[in-house]
Amino acid sequence: MGKNYKSLDSVVASDFIALGITSEVAETLHGRLAEIVCNYGAATPQTWINIANHILSPDLPFSLHQMLFYGCYKDFGPAPPAWIPDPEKVKSTNLGALLEKRGKEFLGVKYKDPISSFSHFQEFSVRNPEVYWRTVLMDEMKISFSKDPECILRRDDINNPGGSEWLPGGYLNSAKNCLNVNSNKKLNDTMIVWRDEGNDDLPLNKLTLDQLRKRVWLVGYALEEMGLEKGCAIAIDMPMHVDAVVIYLAIVLAGYVVVSIADSFSAPEISTRLRLSKAKAIFTQDHIIRGKKRIPLYSRVVEAKSPMAIVIPCSGSNIGAELRDGDISWDYFLERAKEFKNCEFTAREQPVDAYTNILFSSGTTGEPKAIPWTQATPLKAAADGWSHLDIRKGDVIVWPTNLGWMMGPWLVYASLLNGASIALYNGSPLVSGFAKFVQDAKVTMLGVVPSIVRSWKSTNCVSGYDWSTIRCFSSSGEASNVDEYLWLMGRANYKPVIEMCGGTEIGGAFSAGSFLQAQSLSSFSSQCMGCTLYILDKNGYPMPKNKPGIGELALGPVMFGASKTLLNGNHHDVYFKGMPTLNGEVLRRHGDIFELTSNGYYHAHGRADDTMNIGGIKISSIEIERVCNEVDDRVFETTAIGVPPLGGGPEQLVIFFVLKDSNDTTIDLNQLRLSFNLGLQKKLNPLFKVTRVVPLSSLPRTATNKIMRRVLRQQFSHFE
């Protein structure tokens with residue numbers, strides 16, 4: 001890293017001027033840099049932190065940010081820290097305050113302080129689930145049960161992989177807990193804040209807890225008027241706006257099961273999910289508004305031959321489509337329960353293992369896995385938010401997502417169960433209106449996926465907006481890019497990016513960053529609380545703990561909130577069959593390639609089936625893509641696949657690419673191929689060679705934004 005940049009003690013004022021900074025400002029900034037280098041050296045983490053705090057700002061050229069970051073860490077090695085926790089500020093975080101109060105009780109003589117004792121506490125959370133989860137769920141998050149569980153964890157059948165029973169005997173309703181008044185939430189607290197695209201100069205819309213409760217109760221009564229059997233499935237297929245959140249909570253509150261369907265899905269994909277879930281009704285919208293476009297949604301639901309639909313207008317009160325016989329409008333649906341307006345709805349308390357939500361994995365071939373969330377899964381989602389993202393009362397959380405995949409429900413529970421506000425922008429997150437919404441809503445945690453950040457950096461649409469209220473960013477969904485996330489941190493005065501890696505079947509994350517640890521870009525600093533990771537060697541057995549290495553990831557089978565069933569598959573075969581045993585327990589399959597670096601950070605290298613063998617060297621697509629994405633400024637993004645030649649032999653490396661300007665006809669494919677070769681041979685391995693480059697208008701992606709390399713491998717013959 002940073003080999004092409006000067007070390008900081010060699011930087012002079014003219015280097016600032018060469019980046020377009022005026023001579024007067026350059027002299028001032030160089031003076032500050034010289035003072036920092038004198039006090040902290042030219043290449044230490046403290047040097048960088050002082051540069052981030054006292055020199056850099058969002059309005060300075062990003063090339064200056066790069067020069068100083070990469071120059072500071074020129075010879076550092078893997079995973080240099082981009083953010084370091086402040087020992088005093090840590091004490092006010094959720095985990096820091098807990099450890100200050102009870103650290104010695106939990107860890108005894110091992111406890112020193114929240115920062116140096118964090119890894120010991122993570123291990124404690126795995127070894128002592130009874131203490132850890134009781135503390136977090138009951139004492140800290142104030143989760144209430146109508147019938148208390150007999151214990152936190154029962155392990156009657158140790159020979160049954162993943163067969164642990166969490167909170168046995170307990171009854172609760174996770175939606176009711178979102179609406180409860182407790183020390184984290186008061187009736188006049190703002191719980192949802194939102195704005196519609198196009199209304200970017202209008203005041204924000206807000207719902208207090210009192211108002212949210214009344215809306216959810218009314219929908220709960222209206223659901224009961226439909227006469228559906230308790231426990232049946234009801235689908236939601238619409239953008240994630242305030243009504244969608246109200247409907248989601250009401251379905252769970254009333255004892256039904258949400259079926260999550262993304263609003264981007266085609267009619268066949270909608271039909272598949274309705275069939276697998278056996279949904280009895282569906283909430284949807286007539287159209288989706290994106291800028292000046294109206295994208296039909298209800299017509300896709302009709303084409304999917306859905307059960308009865310309740311249809312919400314995308315704007316105003318009139319539905320912009322003719323309804324099928326048996327379908328009803330949102331207004332009529334609510335009108336049937338008008339006599340119960342403002343009346344409290346009695347939540348249906350359920351056993352912990354009762355289903356609340358059916359979600360679907362983003363499969364690239366075949367039928368998607370139908371994964372049920374129970375009443376426990378929302379608690380896992382919220383606990384990750386509490387411990388790793390430090391979500392708490394007074395926070396404002398925005399994450400561009402949809403109830404059709406796991407980050408939608410995750411956002412609902414991680415915010416509301418921790419007393420934070422959900423911030424919703426009803427429109428595209430790729431426009432300046434979204435950046436203004438982040439500013440106006442005073443967002444404290446901004447969730448992203450890397451492709452959104454790439455677009456922001458490319459278009460500079462966030463320029464000029466004040467993001468100083470942000471305490472952290474969070475990222476999930478796909479591997480991120482160091483340079484792009486350095487740029488992102490710079491938009492909010494170098495607040496940390498807390499990376500998270502998990503899955504729908506986990507209900508949250510198994511690896512993440514933490515406010516109690518130094519954060520490195522595109523890295524995970526820890527195993528999640530209550531989780532254990534294992535990296536398998538080439539023979540399929542776990543490597544020694546804390547030994548640096550790379551291989552397929554396996555998970556400890558005892559994970560709070562993780563799935564135990566699939567509606568359309570054999571859960572044991574998918575997650576446990578053929579996995580190694582450690583200490584008498586069969587490990588759980590995940591399928592990612594993970595790396596543990598020499599300084600203790602985890603890196604994700606994509607799916608195990610996204611690795612290739614180039615010249616006898618096994619490497620992940622993501623490692624190749626990270627290099628290729630930086631080769632040519634005209635290239636927006638790339639993806640790499642290995643293709644065996646006809647007749648057999650070593651895999652050939654093929655790079656698909658998308659241009660920033662789709663109308664650019666000046667690109668020379670052979671020259672680009674040579675540029676990719678040069679970059680790969682310089683940064684990865686001198687034996688790597690790109691055989692073909694293929695232009696595309698866009699990369700095929702799943703609904704959760706993962707690149708479908710498998711599809712490209714299948715389609716490559718067409719390019720031939």
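Here the Cβ of each residue, glycine as well, is placed from N, Cα and C on the backbone.
As given in Swiss-Prot:
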type     : residues                                                                                       : note
BINDING  : ARG290, GLY291, LYS292, LYS293, GLY615, GLN681                                                 : CoA binding site
BINDING  : GLY477, GLU478, ALA479, GLU499, MET500, CYS501, GLY502, GLY503, THR504, GLU585, ARG607, LYS618 : ATP binding site
SITE     : ASP609                                                                                         : site 'Hinge residue important for conformational flexibility'
TRANSMEM : 242-262                                                                                        : transmembrane segment
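Where Swiss-Prot records a feature, it is marked here on the structure.
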residue	record	contacts (Cβ under 8 Å, 6+ apart)
ARG290	CoA binding site	GLU197, GLY427, SER428
GLY291	CoA binding site	GLU197, GLY198, GLY427, SER428, VAL431
LYS292	CoA binding site	none
LYS293	CoA binding site	none
ALA479	ATP binding site	PRO450, SER522, ALA604, HIS605, GLY606, ILE622, ARG626
MET500	ATP binding site	ASP384, HIS388, LEU389, SER474, SER475, SER476, GLY508, ALA509, SER511, ALA512, GLY513, PHE524
GLY502	ATP binding site	ASP384, SER476, GLY508, ALA509, PHE510, SER511, ALA512, CYS528
THR504	ATP binding site	LEU359, PHE360, SER361, ILE371, TRP405, MET406
ARG607	ATP binding site	GLY591, ASP592, ILE593
Number of Cβ atoms other than its own within 10 Å, given for GLN681 (CoA binding site): 15
GLY477 (ATP binding site): tally of other CB atoms within 10 A of its CB: 23
Distance, GLY477 (ATP binding site) to GLN681 (CoA binding site) (CA atoms, angstrom): 28
DSSP-derived class (H/G/I helix, E/B strand, else coil) of ARG607 (ATP binding site): strand
Secondary-structure category, per DSSP, in which GLN681 (CoA binding site) falls: helix
